[in-house]
Structures are given as structure tokens and as C-alpha cells.
Amino acid sequence: MAKIVKFGDEARQKMLAGVNVLADAVKTTLGPKGRNVVLDKSFGAPTVTKDGVSVAKEIELEDKFENMGAQMVKEVASKASDDAGDGTTTATVLAQAIVNEGLKSVAAGMNPMDLKRGIDKAVNAAVAHIKSIAQPCEDGKSIAQVGTISANSDSHVGDIIAEAMAKVGKEGVITVEEGSGLENELDVVEGMQFDRGYLSPYFINNQESMSVEIEQPYILLVDKKISNIRELLPVLEAVAKSGKPLVIVAEDVEGEALATLVVNNMRGIVKVTACKAPGFGDRRKAMLQDIAILTGGTVISEEVGLDLESATLEHLGSAKRVTMTKENSTIVDGAGVAADIESRVAQIRAQIEETSSDYDREKLQERVAKLAGGVAVIKVGAMTEVEMKEKKARVEDALHATRAAVEEGVVPGGGTALIRAAAAIADLKGDNEDQNAGIGIAIRALEAPLRQIVSNAGGEASVVADKVKNGEGNFGFNAASGEYGDMLEFGILDPAKVSRTAIQAAGSIAGLMITTEAMIADKPSEGGAAAPDMGGMGGMGGMGGMM
């Protein structure tokens, strides 16, 4: 396949054109008065969004060189989204500002490598300043404010996320699903829930909800299949004497053993129910151990020299309540020792740090949540499917932002923190004039998000930027109301992690673009789609639309 190669200024101008097309589309969504972007979908209604990364993902340009520029900026948005969950539009605006100024300086004859070194110095100094001014975000009010700002000033979203975090703790799992109503709903599962239900409908004792509800049970955990009732008899007799109910969690309970348990339960000899252990293979062993630690029991496993016949009441865990439906089982208020649970959580966290697989990380985080907190589900409600998708994306963004805020703290929002970072590094010096120019480019670029927020709100960007620059600390501009004042008092907060990631991602990609000297792309085929028909096979022309 023949290639086209472009060099120097010609290559950079093409790349810049692509950067500007993508960034101009994305930056219209920035701020409380950001505009909507409508995305065409090949099936169904178009999607309306104010989410920067959704807009960026849609853009593919026809010119291959321009498209390379656009894709590199798209990478900035994706990086910000992956690392912090938000700040995609801010990162794109910063990258565009640095690239535009940087390429002008390269065209004026400055050394691209020194410009990049200067930009990197300024980025590192700005990130250090952001970290230094971050304030912890721990109370429900500030969590709600961060969620509200990230969900495009929708206070209902901020409040529901704060409520979810209050109920399941900072470590709890919060998931977002499409609801069936018109309003957002919060559904909280206390305790440990796993996706295995009762093994026989004959265990059901609540006919209304078709579930098994057992109070203050003993819990027997077995890492094997139970098919012979003789193995179970010693434990069953001991439990029957104690007068408490029994919950069995095993790899499986089948045949004679299951039939005997059902008969005992129905006759009221011993109140018992059984379910399969969650997970498979090594993950099942680990999750059984989690349940053991949560309930203060021991897993009966031949690997550790314990068999079912020698099990006693000391080996059994207990809990305040166990509920089982056809699909799920929930253990509430296990009797485990708090210190043991904490050390187990710390152990799983260490595994999260080490794993390179996203799937494993997600499963490990779920285990932490089940041990440490609980699980909350936010069900997003809307009138139409288009609105539902847009709203769900906003709630997910807001959730990521609040997690980032809890992790690294918050800074004044609305572009104010970046203006303060620019002022803090104004005296930074490089090793030569070209590096100083690079530092200057990055400092000026830090004003771009505030200017864009103001112009999206219909204000005069230069006037507002000067006024905010002349202020101190948290003094900034509230674009939603058009007022100046303390951003923290207005409740306009950005997670420090989001601001930091946006600066780093933008600086990194912009540095690469400024130092680009050649671009290579496939040569387009002659005539493209309008090639002459293939003799007698002219009828195949219509197949183009089928691809």
C-alpha cells in the first residue's frame, strides 16, 4: 500500500486543523451553561449530550492527517476519563490552547524540544500547586456539591450520590442502572449480597416476596459438594439442640442430602436453608473465606484438614439475618471480628494494587465493598430513551468525580484553581529562552478553561479572566449566576484529581504534537467510492451501502 508522507510545517498545520475541529466541538459543552451537541445514530433517534468524551468519541475526519490530530486530542479526553472519570472537556481545552500557541512558536523558529521541556516543567509545577491547595472532601455536603457540578449543575444527582455514599461508605460499590420510573431512585443492599439463590423453593418461608428470611442463624460454609446426608448429621443434631436455624453455603447440595434438609425444614425439626457458594474455582475459595471472616466462622475444607463429619458449632459463623431469593442471597450484620474484617480488606486492597487485569480489579473491589460497606444501585429515571442515556452518562460522570474528590480532595472550581496555579508558577524559569517560552505557553493555556466557561455562558472572557486573576484564593466567577465570589461558598468545587489529570494529559499530548516533524498515512485509492463499475458486475454497486 502506497503511503503519503508530509513534513514540517505542512504536517503540523494539517494536524492542528484536526485538533481544532475536535476541540471546538467538545469545548462548547464546558461549564454550567455549556451547549448541547447532537450526535447522529445510524439506528433510532439522535443522542443529545453535554458530555465531552461522548462528543470526542464520535469524531472521525475524512482527511487522514487532520484525523491524526483529532485522534491524538481524543486520547487526551479518554486519558482524563479513564484516570479521573471526568475533566475530559477541560483537558481538551487545555491541549488545544497549548498546541495552538506551541505550533506558532515552532513556526517562528523556536526549538520544539526546548518548548516541550518548558511545557513539562510548567505542568509539573502546576500539578504540585493543585495538590498543595486541595482540601479534603469528607462531609456529605461537599460530596453533593462535587456531584452536582459534574452532572452539569443537576442538584438531584449530587444529592443522590451523597446519600448513596453515606449509606454504603466511601468503600462501598455504587452502580448506575437504567430505572423504570421517571425519577432517580436509590436502592441500597446492606450487608454482603452474592448472586446465588436458594437451592429449593421448598425452603421459602415468606410467600409474599417468595423469599427465605432467617433471623439469627448459624452459617455452615463448605468448600465441596454435599450429597451424603450422613456427613451433615453431626452438625444438624448440634444445631437442632441449640434451637437456632441453619444456613448452608456449599459448592452444591444435591440428592439425598438436599431432600433430607427439605423434609426436616418442612416438618420443623430444624429450620434450614441452603445455597451454592458464589464464584468459581479459586475465586469461590476466596469468597467463601470472605464470608467466613464476615460471619466469624470457618470454611470446612479438606485442604485445611477439616471434614464435614468433624464440624462442630465452633466452626459455624452467625449473622443477624440472612435473606435468600431465587437469584440472590444477602447476609446482614455478620458476627465477624471487626479487626479481622479490616485486615482482610487490607489484604484484598494489596491485591488490587498489584493486579494488571481490569476484570480482576473490578471483582476485587466488589469483594472489598461487600466486606467494608454494602452495595448501592442508583436507578436513573427519564421520560424517553434519549434522555435516559444522556442522564445515565451524567450520573456516571458525577459518580467518578465524587470518588476522585474523596480520594485526593477538592479545589475551587470554574477554572479558578487553574488560574491560581498559573499565578503560582509565573516566576518559573527554564534553562534557556525557548524553555521560558514553553513555560509561558503552558501558563497562558491554564486560563483557557475559565475563558471558555465564560464565553459559553455569553460573557466577556477577557474581562472575567482579568478580574479573577486579580483576586486571591478561592475568588472566582460563578457562570451559572454571573456573580463573583468565593467558589467554595458558592458550592462550585472540582476534584483535585480531575484538575491534575486534565493538566497532565493535555501537557503530555501537546508536547508530542509540538515535537512532530513528519506524518505518514495511507494513500487514498484513486477515485475512492466512485470507481468505474466492474463490467458485467455493475449490479454490485449497491453493495457499498451494506458494509
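Think of each number as a place in line: the chain as shown, counted from 1.
Cβ coordinates come from backbone N, Cα and C, glycine included.
What Swiss-Prot records for 29-32, K50, 86-90, G414, 478-480, D494 is ATP binding site, and it gives sequence analysis as the kind of evidence. Within 10 Å of the C-beta of K50 (ATP binding site) we count 21 further C-beta atoms, all protein chains included.
Counting every protein chain shown, the number of other Cβ atoms lying within 10 Å of the Cβ of G87 (ATP binding site) is 33. D494 (ATP binding site) carries a strand DSSP state (E or B).
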